[in-house]
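Participant: Pasting the relevant annotations from Swiss-Prot:
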DISULFID  Cys53-Cys161  disulfide bond
DISULFID  Cys64-Cys148  disulfide bond
TOPO_DOM  1-23  topological domain 'Cytoplasmic'
TOPO_DOM  45-76  topological domain 'Extracellular'
TOPO_DOM  98-112  topological domain 'Cytoplasmic'
TOPO_DOM  134-170  topological domain 'Extracellular'
TOPO_DOM  192-205  topological domain 'Cytoplasmic'
TRANSMEM  24-44  transmembrane segment
TRANSMEM  77-97  transmembrane segment
TRANSMEM  113-133  transmembrane segment
TRANSMEM  171-191  transmembrane segment
Amino acid sequence: MSLNYIKNFYEGCVKPPTVIGQFHTLFFGSIRIFFLGVLGFAVYGNEALHFICDPDKREVNLFCYNQFRPITPQVSFSALQLVIVLVPGALFHLYAACKSINQECILQKPIYTIIYILSVLLRISLAAIAFWLQIYLFGFQVKSLYLCDARSLGENMIIRCMVPEHFEKTIFLIAINTFTTITILLFVAEIFEIIFRRLYFPFRQ
């Protein structure tokens, strides 16, 4: 019986009841994971080692880098954002697997439809919060020069630091923000698809 639960859970996660949900999981989600795993770590892999300030002292470089990048690397935050957004859907499919609910029944029975819509709304909320945090922490652009306030180190001045591969990081930020925006739009479109199919279903009976 436990193997059947695992099978139902896997099928629910891989093949959600909506067409848009399937597109997000199988196609768009895969592209986003590939983008994070391959390009993200290639751009941010050795950022701390190449972050150099003037004067070039280890403690100054480390202090200013921590000030410049509050969460390191930025790819980790993006990966965490992706996982958190997927949690509500995974919990719903776990519930459906434990109740032995077929994917076809989710949009046919009102109680299951409401629960699924709530999980999508929760995904939208989490994605919006993560998007706001991403913009607040990282912005939309990475500049080549960072001015570090090093007064707490006893350096009574603003220290200039060079940011490595700033152009590539800017492109990565734009891409991540675009992915997040598309994700939110897909979740909203999924709700409209559910409503349409719920309204259309009685006419097929």
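From the backbone N, Cα and C atoms, a Cβ is placed for every residue, glycine too.
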Participant: For the topological domain 'Extracellular' (134-170), how many residues does DSSP put in helix, in strand and in coil?
Facilitator: 13 helix, 10 strand, 14 coil
Participant: So if I draw a 10 Å sphere around the Cβ of Cys148 (disulfide bond), how many other Cβ atoms end up inside it?
Facilitator: 22
Participant: At a 10 A cut-off on CB-CB distances, which of the disulfide-bonded residues Cys64, Cys161 has the highest count?
Facilitator: Cys64
Participant: By DSSP, what is the split of the topological domain 'Extracellular' (45-76) into helix, strand and coil residues?
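Facilitator: Summed by class, the stretch gives 14 helix, 3 strand, 15 coil.
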Participant: With an 8 Å cut-off on Cβ-Cβ distance and a minimum sequence separation of at least 6, pull the same-chain contacts of Cys53 (disulfide bond), or say none.
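Facilitator: Val60, Asn61, Cys64, Cys148, Ile159, Arg160, Cys161, Met162 - these are the non-local Cβ neighbours of Cys53 (disulfide bond), listed in sequence order.
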Participant: Residues sitting near the topological domain 'Extracellular' (45-76): Cβ under 8 Å, six or more positions beyond its termini, same chain?
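Facilitator: Here the qualifying positions are 36, 137-138, 146, 148-150, 152-153, 155, 159-165, 169, 172-173.
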Participant: Go through the chain and flag residues at least 6 beyond the ends of the topological domain 'Extracellular' (134-170) whose CB is under 8 A from any CB in it; none is fine as an answer.
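Facilitator: Answer is 43-44, 47, 50-55, 59-61, 63-65, 67-68, 70-71, 74, 77-78, 81, 176-177, 180.
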